[in-house]
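Asks: Sharing the record's features from Swiss-Prot:
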type    : residues                     : note
BINDING : R20, H132, T349              : substrate binding site
BINDING : G107, Y108, S178, H206, T233 : pyridoxal 5'-phosphate binding site
MOD_RES : K236                         : N6-(pyridoxal phosphate)lysine
Amino acid sequence: MRLQDLSPGLGELDERHRLRRRATLESPQGDEVVIDGRSYISFASNDYLGLADHPSLVRALQQGADRWGAGSGASHLLTGHTLAHQQAEEALAGFVGREAALLFGSGYAANLAVITSLVGRGDAVFADKLNHASLNDGCLLSRADFQRFRHNDLAHLEQLLADSGAPTKLIAVDAVYSMDGDQAPLPALLALAERYDAWLYVDDAHGFGVLGDGRGSAALHGLASDRLIYMATLGKAAGLAGAFVAGCRPLVDWLVNKARTYIYTTAQPPALAAAVGASLRLIAEGGERRERLRQLISRCRQRLEGTPYAGASATAIQPFVVGSDENAVRLAETLREQGYWVPAVRPPTVPENGARLRISLSARHELSQLDALLDLMLRPAES
C-alpha cells in the first residue's frame, strides 16, 4: 500500500460500511459506561465477571505499583523478571492444574510464541476455520504446512492428520469461539492429538474465569495431558491485562528459550503481575457471579429461540447475525441512539454476509437491561 493509496483505500472501506473508528471511553469498564461524553449501557466488553473495576483489583494494582514501580524496564531474560512475575506464574499454573506457566503481554503474543516455537518448515499445523486471527497469524509465521479444517469437524481433522507425514503436528483451536460463542469439542480433540502424536493448543481467552468453576475449559472437561497446551488471557474475565501459557515444565522452559515474542520484548509491568493473585481469588470466589452470568445467558437464549437470530452459543458471547454490513451498522446506530453500546462486527473479522452485533454479557448486567436491549433488537423482526 503506497502513501497515495491510503486515503482512497479508507474511502473504499467507508463506502462498504467497513471503516473502523475507535470510541473513546471516559469511564471505568462496566455495564454502564461513558463514551465520547454520553452514557450508554454496554454489551460490548469481555469483562465477563465484572472485575475490571473491582476495588480489590484496583487496590492490588496500586499496591503493586507502590512496591515495584511503574515499569519493568527490561525483558524477562535480562532484569525485567521480578518476584511478582514469578509468583504470578506459579499461582496461575496451580490454578489451572499445570506444572508451569509463562506470562505474556497479550494473548496475541502468546499465540505467536507457542506456535512458532513448536512447529516450522516441514511440520504441520491444523487449525479450525473459525480460529481467532492471532492463531492464524501464528500458523502463517511458523512456515509450517498450514491446514484448516471445517469448524468443529472432527472427521475432517482426522483425515488431515492421517494424511500428514509431518514429524511434528500441532492442532490449534479456540476453546470458545469469539464471534459465535460456541465451544470446541476438547475431549475429542485431545483424543485425536494422542492418536496422531500431535500437540493440542487451546486458546481459552473467553472461557478462563467463566467455565469449569473459573479454571477454564480444560478444567470443565477434566483434561490433563502433557501434550495439551493451555493459553488464557488476563484481560477478559480476570479483569487485568496480559495472558499466560500453561503446560508441562519442559514446554515452558522451551518457550523461555525459543519464543521470540517472549524473549524480544519488555516484560509487562510488575504491578499487573502483582495483581494476579487478587484476580485469582476473586475468580475462585466468583460462584455467584458465574451463576448470574448463566442466568443472563439462559434469558438471552430463551428470547432468541424461534427467531432467525437463535444460535448455538451457551456462553457469554451471544451473536446476533444480521447478514449485510449496512444492516449491522444501521442496527448498531439505532441502539446507540437509544443508549445501548453494541458495536457492529463486520468482515474480515467474520465471514462475508455474516455481519453481526455481538452481545457480550457480564455478571454486572441486570436481566432488565438485557430484556430492554433485546426488545429493541427484535422489534424489526417482530413488526
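Cβ coordinates come from backbone N, Cα and C, glycine included.
How buried are the listed features, and what sits near them?
Replies: Long-range Cβ contacts of T349 (substrate binding site) within its own chain (separation 6+, distance under 8 Å): A133, M179. Secondary structure from DSSP puts T349 (substrate binding site) in coil.
All protein chains considered, the CB of G107 (pyridoxal 5'-phosphate binding site) has 24 other CB atoms within 10 Å.
The Cβ of K236 (N6-(pyridoxal phosphate)lysine) lies under 8 Å from the Cβ of N46, D47, Y48, A205, H206, F208, G209, each of these being in the same chain and 6 or more residues away along the sequence. Under DSSP, K236 (N6-(pyridoxal phosphate)lysine) is assigned to coil, being neither helix nor strand in the three-state scheme.
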Asks: Let me spell it out: for each of the binding-site residues (R20, H132, H206), count the other Cβ atoms within 10 Å of that residue's Cβ, using every protein chain shown. Which one has the most?
Replies: H206
Asks: C-alpha of Y108 (pyridoxal 5'-phosphate binding site) to C-alpha of R20 (substrate binding site): distance in Å?
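Replies: For Y108 (pyridoxal 5'-phosphate binding site) versus R20 (substrate binding site), the Cα atoms are 20 Å apart.
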Asks: Which value in Å gives the longest Cα to Cα span across the pyridoxal 5'-phosphate site residues G107, Y108, S178, H206, T233 as recorded?
Replies: 14
Asks: Might you list, by sequence position, any residue in that chain lying six or more from T233 (pyridoxal 5'-phosphate binding site) with a Cβ less than 8 Å away from its Cβ?
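Replies: The answer is S106, G107, A205, F208, G242, A243.
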Asks: Can you tell me how many other Cβ atoms are located within 10 Å of the Cβ belonging to Y108 (pyridoxal 5'-phosphate binding site)?
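Replies: Total other Cβ atoms inside 10 Å, all chains included: 19.
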Asks: If you measure every Cα to Cα distance among R20, H132, T349, the residues said to bind substrate, what is the biggest one in Å?
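Replies: Farthest Cα pair among residues binding substrate: 18 Å.
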Asks: Taking 8 Å from the centroid of the Cβ atoms of G107, Y108, S178, H206, T233 as the cut-off, which other residues in that chain fall inside it around the pyridoxal 5'-phosphate site?
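Replies: Along the chain, the qualifying residues are H132, S134, D203, A205, G235, K236, A243.
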